[in-house]
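Engineer: As annotated in TrEMBL:
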type: SIGNAL; residues: 1-25; note: signal peptide
type: DOMAIN; residues: 26-329; note: domain 'Plant heme peroxidase family profile'
type: DISULFID; residues: CYS36-CYS117; note: disulfide bond
type: SITE; residues: ARG65; note: site 'Transition state stabilizer'
type: DISULFID; residues: CYS71-CYS76; note: disulfide bond
type: DISULFID; residues: CYS123-CYS325; note: disulfide bond
type: BINDING; residues: THR198, ASP250, THR253, ASP258; note: Ca(2+) 2 binding site
type: DISULFID; residues: CYS204-CYS236; note: disulfide bond
Amino acid sequence: MAIATAAAATLALLCLLAVVPTGHGALQVGFYKGKCNGTDVEATVKRIIASRFSRDRTIVPILLRLHFHDCFVRGCDASILLDGKGGKKAEKDADPNKSVKGYDVIDQVKSALESKCPGVVSCADIIAIATRDAVVLGGGKQYTYSVQTGRRDGNVSVASEADSNLPGHTLSASQAIAKFKTKGLNASDTVLLLGAHTVGITHCSFVRPRLYNYNNSGKADPAMDPALVSRLKSTCPSSRPTANNFIVLDQRTPLTVDNSYYKQILARRGILKVDQNIATDKLTNATVKALATGSSFPTLFGGAMVRMGAIQVLTGKQGQIRKSCRIVNK
């Protein structure tokens, strides 16, 4: 009874967090209404993302990762889209970003909008809108949330800043919370945004230590379900230590946005150590349980995405509206 009461209290608190204002600072819902020569900006983005989704459902985790990796470095300013220049590496060249994708579809959306209203829609806003549309396609209409727009694009992109700002996959729950706190997000936001691991993949190189030599023990991580250990060892065999096969993060519904991720990590089936850690740590366990057992995840996840999308945004006369998302305007 005490556990049920605690979960209910946690869920009530989470629901309060889901109440999202219509604007963060200068951001607002519907910022582009009437500003694109009769073109509906969000409808244009939605059409292009839906077309890509119909051919490739992995566009959902691709855009979620792109948005997250952008916002955690210099804020949500599309700095991750900038190419390196003059031999200097940009964010996309940093080790954590070398497997980030989605640049092509953002370019496609930008080109379509530039042809209708040049210099109006920022690359940063395109990322935010496109990610929302992908989430809805991957999870259903219940995952719809209003995207606040009005961001402007940054002029700086430095590889070393990605290395130092992006959270690692082995963090403890307290370390993850502290990392997210530096971006103005709280413990509940941390758990909710890690819920993006309901879709997507990782690779053997990130999981192998948990399978064969956890904490230099020569054994598997005892926190992982033995049946899952056995399955993953067949994917990442010790006889092929350089094999870097992919592993889906949600072993039950890997291409669907849902709350299965939380059920999986409570069953000791978290693939990345940080995922398993938030399930077992007392700082986050109640939130994980509430999300695993209730129907609140769609609304709460949308709220967390809005809050993440407001990290250190450039607005007004700050930054610029790039003509090409890959280069700063001359």
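Cβ coordinates are placed from backbone N, Cα and C, and glycine is handled just like the others.
A description of the local structural setting of each listed feature is requested, covering burial, neighbours and distances.
Structural biologist: Annotation for CYS117 (disulfide bond): same-chain Cβ neighbours under 8 Å, separated by at least 6 residues, are LYS35, CYS36, ASN37, THR39, VAL41.
Cβ neighbour count for ARG65 (site 'Transition state stabilizer') (all protein chains, 10 Å cutoff from its Cβ): 20.
In sequence order, LYS183, MET308, GLY309, ILE311, GLN312 are the residues of the chain that are 6 or more apart from CYS71 (disulfide bond) and have a CB within less than 8 Å of its CB.
Here the Cβ of CYS123 (disulfide bond) has 29 other Cβ atoms within 10 Å, regardless of which shown protein chain they belong to.
Sequence-distant neighbours of CYS236 (disulfide bond) (same chain, 6+ apart, CB under 8 A from its CB) are CYS204, VAL207, ARG208, LEU211, ALA243, ASN245, ILE247.
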Engineer: Taking just the CA atoms, what is the gap between ARG65 (site 'Transition state stabilizer') and THR198 (Ca(2+) 2 binding site) in Å?
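Structural biologist: That comes out at 12 Å between the alpha carbons.
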Engineer: Sort out the sequence-distant neighbours of THR253 (Ca(2+) 2 binding site) for me: same chain, 6+ apart, CB within less than 8 Å of its CB, listed by position.
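Structural biologist: In sequence order, THR198, SER260 meet the Cβ cut-off.
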Engineer: Out of CYS36, CYS76, CYS204, CYS325, which has the highest number of nearby Cβ atoms, where nearby means within 10 Å of its Cβ, if these are the disulfide-bonded residues?
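Structural biologist: It comes out as CYS76.
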Engineer: Sorry to bug you, but what's the C-alpha spacing from CYS76 (disulfide bond) to CYS325 (disulfide bond), rounded to the closest Å?
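Structural biologist: Cα to Cα, CYS325 (disulfide bond) and CYS76 (disulfide bond) are separated by 13 Å.
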